[in-house]
């Protein structure tokens, strides 16, 4: 099929733009496909009509389809005209072309199983410039410089840009795209850009530049809840002055305008504050102001409030009873308030019980009461407490008036103490202990004579003991596990996610404790696999006293999150199990993870610097740690996961020195958009949070990049604490002031430059994890090239049978100047290694290869030697 110019057909008006294609099908004069003419490129002005045609020969009734950029043309007039029995013309009409009509056109027809297509026509639509970028509205401080951008395209090109400030031209001509630099404005101003080409001009939307200002005063300040020592405050912020509010100050005083007022600065939002350590029963007044980057607002109105008082703190003392002919007189000492906040005392409350029946409490003024409505023939139990408007104080010790007591006065309980119950209790305990000891002794003697008792039976070849199966059961039946999951009270969605990773408790054995935290612990375990072998794993479990279903669900959600991961540098879930407990208590959930021999990266870095046996980590090893973490985070970000808690402490170090990103307790999956906003209070790692997370509780992949920069700093400093000496509450102001973590000693400029890019105030200016991984791999490759150019490092390890005077094997290292040592100083990691062999270690891997080292069976690598080889790159190391 080919396109050619058409001179028109009878009955058709001349075409503004046309092409003709011929297709010779089987049965025509020419067999097969015959192309005529050449491809056509056509240019028309916007709004003009266009007609295209193609001819088909050798087919009686062809079904002609017009295509544009690979898609069937729908919204256009299409006509097929018969010229002869086997010749047809296909017409495509566009009444008024727009820019969207530009593209590559051709026609096609189906001949049996084969589709014939014509040569194509490239249609170009020219018109006035079209804006792809228009200047945007801005809010800026007074006299602060800013930029506006404008971009327009043709065809036809070139496109020239002119800038207008109101009705005044302030820039141009300039080629598109164009940026207007404005030194500053002092009032609301409109800007626009004008794009011109040979077809005409177009004007952009006006961009309104407004002036930022300090915010307006807050209003509707309310004290929402009040207790004796605390008060919660909420307020509505005033107009923000077109700048983000970053903090509010709550000023508290005993009286409005008092000089010694307490000021509490809180980050916002939310616009609430909890005031602590207030005095009970005290009058206070408070007011609030908020601040943005241009300064604070005026204070709002003073709001008075009073904290609640305290209930009495002491129980009445010397509570006693006196029998009389008319009744029972009760007396006690007056309760004197210990704290001024307790307030004035009200009546005393008298409680009395007779024959297991509790009577109504009596309200008594003063410290004396006469009880007449009681039965002297029955035992009586009495208590008394002080009360005030806030509540009741503690009750006194119970006073028992016996029906057999005919004394004229019932004194305080301590004056009638009886030693009989005490003596009986001690005797009972001694007798019980003696009986238990006797039983255990007799049982032990029977066990030691077990062999003698069954000698005759064993000699006859008969079994000494016969067993009968009481019942049969299956330990791994899913019904039991399902019932246990149901008892946890977790959501059906979470339960469904965990069903295929549940492991029966009987399939693994818990071992030693690896670590313990505030909410749980991690223990070593042996997991039995399907082939009967055992593999070492780590088991993470909640504390036994955490019984809330919400805590259990949050714990198991981390496991469900890890289930989706499959990457060498992201911790992978092995399974989930439930530890049964007696007496109907909730089972303890356990998350089973791969065993990481070297623990978390932060602890490993600390041990290399300040451990009992410090060792040096070469720069290549530190950069390799960063590459591994970047690989893992690149994988997570590609799956729309944000970690929210990336730090060295949450990265695990495997036996082969590869790093895995772990601890997904705070991670979230993003289902729409590219951000997650924290909606409830959680414990968050402030010193690893990005600016937008601190200010707006906003978390994206860009905030994870910020945390990765802090993690890089941790690695380069070998586990130091970031922002040492700066409190968490001061971090935001420290960062918003432009401050960042300083370059660590011995840190390469290229590495610190990457860190600094991660801490850009604009999240979109931070590099992606893919970019970070590639840059770090380049740095690592450069370090490897440098290290291979250095001399090999020789380490002579004496035989273990020849200890030094200190009693430990001696290590001799070949002497080199500091300029030659380079990063090969990592030999400190093998100080004091007992061995009877001689090894040559090369930081660059130029001496012996790993295979050569492994060919010495008489001198296997011990743990410290293996660690050094991994650091120097002489053993395999997984990569992403």
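Going from the start of the chain as shown, residues are counted 1 onward.
Each Cβ is built from the backbone N, Cα and C atoms, and glycine gets one as well.
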From 378-398, 399-419, 420-440, 441-461, the residue range that Swiss-Prot assigns the feature transmembrane segment:
420-440
What's the most sparsely packed of the disulfide-bonded residues 54, 107, 150, 193, counting other C-beta atoms within 10 A?
150
Among all the protein chains here, how many other CB atoms are within 10 A of the CB of residue 645 (active site, proton acceptor)?
21
Give me the CA-CA distance between residue 54 (disulfide bond) and residue 150 (disulfide bond), in Å, as a whole number.
42
I'd like to confirm something. Which of the disulfide-bonded residues, 107, 150, 193, has a Cα closest to the Cα of residue 645 (active site, proton acceptor)?
150
Please report the Cα separation of residue 107 (disulfide bond) and residue 150 (disulfide bond) in Å, rounded to an integer.
39
Where does residue 645 (active site, proton acceptor) sit in the DSSP three-state scheme?
coil
